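S.K.: For reference, the structure I am asking about is given below.
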């Protein structure tokens, strides 16, 4: 199998760009995608994003998290540098943890149209409580819809020991 051709990569404007600018304002338009060369196969792509930050919508204090994104692509995959810059754009975005993971998932669904996706935020404690929102989605009317229901019901059967992360 040959590598990707320049023509296939022409829409990726952020990867390899040495003049990267970081947006401090939430911007879903930063997300870029490329063609999945293996649409005939189910496989997971997982991103571990340990440097996510956003702001509490009330106090404007910073919140920190590791965001885990797993998806089964269909025709498109998200490009990782664009994902990094997109997640960075939450830096000054004021929203609750639950909102952030759902916004991330919705934006990725809009740009990729995956077969299945899940987003799990593991936020560091504030006030002695850590919050770990989880959301997922499977394409309606397919086996992925059933998969989403099953994974939601079973996503945290073996909770981790919390030691302030």
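The backbone N, Cα and C atoms fix where each Cβ goes, and this holds for glycine too.
What Swiss-Prot shows for this protein is this:
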- 56: active site, thioimide intermediate (ACT_SITE)
- 63: active site, proton donor (ACT_SITE)
- 78, 79, 80, 97, 98: substrate binding site (BINDING)
S.K.: Just checking the recorded positions 56, 78, 79, 80, 97: which sit within 10 A of residue 63 (active site, proton donor), CA to CA?
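M.R.: Hits: 56, 97.
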S.K.: So how many other Cβ atoms are close to the residue listed as 'active site, thioimide intermediate', meaning within 10 Å of its Cβ?
M.R.: 14
S.K.: With residue 56 (active site, thioimide intermediate) as the reference Cα, tell me which of the binding-site residues 78, 79, 80, 97 is the closest one.
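M.R.: Going through 78, 79, 80, 97 one by one, the closest to residue 56 (active site, thioimide intermediate) is 97.
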S.K.: For the recorded positions 63, 79, 98, work out the Cβ neighbour count at 10 Å and name the residue with the minimum.
M.R.: 98
S.K.: Counting other Cβ atoms within 10 Å, pick out the least crowded of the binding-site residues 78, 97.
M.R.: 97
S.K.: Which number gives the other C-beta atoms within 10 angstroms of the C-beta of residue 80 (substrate binding site), all protein chains shown included?
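M.R.: Total other Cβ atoms inside 10 Å, all chains included: 14.
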